[in-house]
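Q: Structure in structure tokens, see below.
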Amino acid sequence: MSEHSTLSGSPFNMNEKINTNNNILNDNVDNATLTDQNGTIMNTDKEISTRSQPVSNKIDHEAQSLERHKSKQLREGATDAEHLHSPLAELGQARKNFLLFIFSVATFIDICNVSGVAVAVAQISIDIKLNTSQIVWIITSYSLCFAAFLLFAGRLADLFPAQIVFEAGFFILGILSLVTSFVTSNKYGFLILRGLGGIAGAMTIPSAYHLTVHMFPEPKEQQGKLALLGMAGAVGNVLGLVLAGICMLANYRWFFRVLAILCVLFTVICIFLLPFTGSTYIPDPSTPRWKRLDIIGVLIMMGALITFILALTQGPIDGWGSASFIAPFVLSFPLAIGFFFWESKIPPKSAVLPSSVWAITNIVIASLAVGIAFPFWATSQLLYATWFQQVFRWTPIHVAAAMLPQGITGLLIGGLTQAVPQIITKPRWSMAIGGILIIVAELLQVFSDGGAGKDYWKYCFPAFILGSAGAVVTYFASAINLIAYCPPEMAGVAGAWTQVIAQIAGAITLAVQASFEGSGQGDWKLVGRRSFYFQIAWTAMLVIQYLVFYKNPGTPEEEHDAARRRIAAKGKDTGVISA
């Protein structure tokens with residue numbers, strides 16, 4: 001391990017002259033004085049004069065490990081070997097699996113809040129008196145705030161106790177869902193509550209990935225568990241429609257109430273099952289914890305996402321030449337450039353998206369490939385759900401049943417990864433196979449004529465199965481591998497980053513689909529075909545870039561160490577999020 005990076009396994013700065021003691025890793029450490037092993041008080045101003053002083057004494061690694069264990073949580077810079085014996089990793093297997101189930105439920109509910117509401121927009125818009133151009137905000141008010149807050153939530157999970165972030169977000173989402181079910185006469189109140197729900201939901205995703213990575217540190221097992229967590233989101237895309245359809249047999253309000261019950265119930269169970277492990281943060285008098293939240297970066301990033309998604313939402317409604325599209329669209333680009341510039345100039349330990357993440361193998365191509373899966377589900381579900389109800393006059397429960405093959409397929413493929421781990425561990429093959437399956441599915445949908453009569457079984461049914469299988473496989477090959485090959489201390493940020501990309505990709509493809517529809521409602525050649533042809537080109541482009549530029553990585557442990565060495569070699573970077 002390098003002595004120039006705190007990621008080498010020590011939570012101390014290797015350029016500082018210090019002696020260890022039993023309280024050095026306590027979050028309430030007295031930064032004015034330190035006590036050496038003989039009980040002598042040392043003045044830190046004299047003994048730790050500057051960070052540039054040479055190393056004058058050896059760190060007792062065994063003592064460090066003991067202190068980490070006493071603190072109940074691995075600190076920043078813990079080695080992969082230490083992760084194998086962390087308090088979370090040493091929980092009972094049954095307990096860990098049930099906690100993973102709770103994390104999966106949270107992921108499922110987050111996605112349900114978008115996909116399920118898509119079935120109910122017609123009834124909701126009548127109740128809260130939204131005009132046609134405003135209906136889209138029933139969905140985007142949640143997804144926009146969800147995407148904008150994700151990276152900040154990832155930062156919270158890495159700097160504060162991840163279980164507190166998860167439980168707080170999950171519980172607040174439940175309360176907000178319950179309140180939303182009763183606010184059906186005020187459109188502004190309803191949309192504001194939806195946006196706040198998106199923020200609460202965003203708190204659960206990065207923290208769930210953070211906790212999962214630490215509970216299952218063994219690489220092969222970790223990849224399988226991350227696959228199950230990712231599958232929950234994929235399944236939520238479709239089963240959200242089913243849940244909403246069932247609830248709408250009574251009233252759409254029960255959809256929000258059922259979500260509220262699930263959120264509160266599983267939050268309470270999680271509080272009892274998940275031990276308090278503290279945070280991975282190490283106090284640093286030169287950089288207080290609040291400064292490491294990168295408020296400026298968060299505001300710039302949120303501005304970029306909000307203006308970009310707002311533009312894509314308003315474009316199909318008001319026209320691509322309207323001011324409501326051009327103004328936010330143009331503004332989003334300098335904001336995005338400013339965000340990445342800002343993140344590259346501030347210390348990684350203070351950045352919401354540390355510049356050091358780009359040292360992870362295949363991060364760029366994997367990030368782009370994350371944009372394959374969710375656009376398939378989003379475009380096919382929204383288009384068919386609308387078509388089935390408006391043209392065929394199907395009920396919501398009938399629509400949900402018709403889309404069910406996508407959800408069942410997602411479950412089956414997700415379960416298959418536990419028996420066939422090569423789906424995850426051989427990403428180049430998985431990406432190629434998944435991409436082909438999606439393209440075949442899109443072609444079937446092109447010629448489905450909307451699923452009229454026997455065409456549903458001839459075209460839609462196999463398309464839903466093949467496309468959903470391909471989407472799950474490509475998601476595992478991109479997002480799950482990205483998270484598995486980044487150092488564990490970056491799990492929160494990596495999990496958030498994959499979801500941000502998925503949300504942006506979904507917004508882009510849905511906007512393109514809406515623009516293709518135009519006034520062609522009722523004509524499948526106009527409504528459906530052009531959108532699915534675009535999806536074929538979109539999928540092919542992202543799959544090809546992945547296959548061409550993919551670099552065969554080593555083992556996860558080797559890649560973790562390699563990323564840390566590359567980060568340390570930059571000179572200005574002292575670590576991923578290290579103190």
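Quick reminder: no glycine exception, Cβ is built from N, Cα and C everywhere.
Because the structure is a prediction, the values reported are computed rather than measured.
So TrEMBL says this about it:
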type: TRANSMEM; residues: 98-122; note: transmembrane segment
type: DOMAIN; residues: 99-554; note: domain 'Major facilitator superfamily (MFS) profile'
type: TRANSMEM; residues: 134-152; note: transmembrane segment
type: TRANSMEM; residues: 164-182; note: transmembrane segment
type: TRANSMEM; residues: 188-205; note: transmembrane segment
type: TRANSMEM; residues: 226-252; note: transmembrane segment
type: TRANSMEM; residues: 293-313; note: transmembrane segment
type: TRANSMEM; residues: 325-344; note: transmembrane segment
type: TRANSMEM; residues: 356-377; note: transmembrane segment
type: TRANSMEM; residues: 429-447; note: transmembrane segment
type: TRANSMEM; residues: 459-484; note: transmembrane segment
type: TRANSMEM; residues: 491-512; note: transmembrane segment
type: TRANSMEM; residues: 532-550; note: transmembrane segment
Q: Ranking 98-122, 164-182, 226-252, 325-344 by Cβ pairs under 8 Å to the transmembrane segment (293-313), which is first?
A: 325-344
Q: I'd like to know the mean pLDDT over the domain 'Major facilitator superfamily (MFS) profile' (99-554).
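A: Value for the domain 'Major facilitator superfamily (MFS) profile' (99-554), mean pLDDT as a whole number: 85.
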Q: By a Cβ-Cβ criterion of under 8 Å, what residues six or more beyond either terminus of the transmembrane segment (164-182) are in contact with it?
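A: Non-local partners: 103, 106, 109-110, 113, 153, 156-157, 190, 193-194, 196-197, 200-204, 206-208, 211, 253-257, 259-264, 266-267, 270-271, 274, 276.
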Q: I'm a bit unsure how to read this: which one of 98-122, 134-152, 356-377, 491-512 has the highest number of Cβ pairs shorter than 8 Å with the transmembrane segment (226-252)?
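A: Counting Cβ pairs under 8 Å, the winner is 98-122.
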Q: Are there three or more C-beta pairs under 8 angstroms joining the transmembrane segment (491-512) and the transmembrane segment (356-377), sequence spacing 6 or more?
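A: These two stretches do touch.
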